[in-house]
Amino acid sequence: MRPSSNVTEFVLLGLTQDPDVKKTLFVMFLLIYIVTMVGNLLIWVTTIGSPSLGSLMYFFLAYLSLMDAIYSTAMSPKLMIDLLCDKIAISLSACMGQLFIEHLLGGAEVFLLVVMAYDRYVAISKPLHYLNIMNRLVCILLLVVAMIGGFVHSVVQIVFLYSLPICGPNVIDHSVCDMYPLLELLCLDTYFIGLTVVANGGIICMVIFTFLLISCGVILNFLKTYSQEERHKALPTCISHIIVVALVFVPCIFMYVRPVSNFPFDKLMTVFYSIITLMLNPLIYSLRQSEMKNAMKNLWCEKLSIVRKRVSPTLNIFIPSSKATNRR
């Protein structure tokens, strides 16, 4: 399927045209990307490999971290490469691919946060029935549903955009391909089209964000009936989830609950959502949860101990013992 357009390539103006600022941003994005990948993959490996994190809550956290790592890899390297180029050109198919991946993973993460909120609600409101309600099969099905939700949302965006005529010019004042910058290139009035985009993106974000805030309030209310020790154990998980929900949904609402328009501030918001937030998520979850920190410490100390035991005999072959040296 081809779009109703003669445009085959777009030129992105990027974040800035200042060479010095580009170099600074490149170094900053590279460091953030490394921290993001290390943090998210560390959580994923720790959650999968640590017996102490056998709770199904950490099952969802593991795949949220994996999703963030994939999202970061899909966005950050392209942004960093663009900072080294004088002209940022992207083909129509690559632009559509970037848009598809962005909304696929972003949509899946939104639905996964809903699933995680439901998981916490069941764990706190019905602790005796938790393992019956949230068994592993149910968790896998909910994870698949979250991915399908993101896929449907992304496909709707792409199919909708492909059916519209793009007249040009082919210059996009943005750092990535996104819906509103592309809609500004259309040959027709974008008012009603913008309402459709708001319905498929912004309103969904607002409704889910409101639902999640209410659910967090209900969960916090349930915690009042718990003992002080149980509250102290459950509260960091709830607070971490609330912070991550705010980091994900506030930029989404800002960018998609409005008429079709492209503001300079959108570039910073895109960087915050697609780079900064993905770095903060693992830090928030790991630093606020003692179970996660202890599991990381125990797992990696155990791994280092195993490596040390395997390496020591090999080193002893090459390093003569003190007794052998004295005999000589």
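The backbone N, Cα and C atoms fix where each Cβ goes, and this holds for glycine too.
Pulled from Swiss-Prot:
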TOPO_DOM  1-23  topological domain 'Extracellular'
CARBOHYD  Asn6  N-linked glycosylation site
TRANSMEM  24-47  transmembrane segment
TOPO_DOM  48-55  topological domain 'Cytoplasmic'
TRANSMEM  56-77  transmembrane segment
TOPO_DOM  78-98  topological domain 'Extracellular'
DISULFID  Cys95-Cys187  disulfide bond
TRANSMEM  99-118  transmembrane segment
TOPO_DOM  119-137  topological domain 'Cytoplasmic'
TRANSMEM  138-156  transmembrane segment
TOPO_DOM  157-193  topological domain 'Extracellular'
TRANSMEM  194-217  transmembrane segment
TOPO_DOM  218-233  topological domain 'Cytoplasmic'
TRANSMEM  234-256  transmembrane segment
TOPO_DOM  257-267  topological domain 'Extracellular'
TRANSMEM  268-287  transmembrane segment
TOPO_DOM  288-328  topological domain 'Cytoplasmic'
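The disulfide-bonded residues examined here are Cys95, Cys187; by Cβ neighbour count within 10 Å, the least packed of them is Cys187. Under the three-state DSSP scheme, Cys187 (disulfide bond) falls in the coil class. Counting residue by residue with DSSP, the topological domain 'Extracellular' (257-267) contains 3 helix, 0 strand, 8 coil. Outside the topological domain 'Extracellular' (157-193), and at least 6 residues removed from its termini, the chain residues within Cβ reach (under 8 Å) are 1-7, 9-15, 75, 78-79, 82, 90, 95-96, 98-100, 102-103, 200-201, 255-256, 259-262, 264, 266-267, 270-271, 274.
Comparing 24-47, 99-118, 194-217 for CB pairs under 8 angstroms to the transmembrane segment (234-256), the maximum falls on 194-217. When Cβ-Cβ distances below 8 Å are used as the criterion, the transmembrane segment (56-77) is approached by residues 29, 32-33, 36-37, 39-41, 43-44, 47-48, 98, 101-102, 105-106, 108-109, 112-113, 115-116, 119-120, 123, 134-136, 139, 142-143, 176, 237, 274-275, 278-279, 281-282, 285, 292 of the same chain, each at least six residues removed from its ends. Where the transmembrane segment (24-47) meets the stretches 99-118, 194-217, 268-287, the count of C-beta pairs under 8 angstroms peaks at 268-287. Secondary structure from DSSP puts Cys95 (disulfide bond) in a helix. Mean pLDDT for the topological domain 'Extracellular' (1-23) in this predicted model: 77. Broken down with DSSP, the topological domain 'Extracellular' (157-193) shows 14 helix, 4 strand, 19 coil. Long-range neighbours of the topological domain 'Cytoplasmic' (218-233) within the same chain, counting only residues 6 or more positions beyond its ends whose Cβ lies under 8 Å from a Cβ of the stretch, are 117, 120-121, 124-125.
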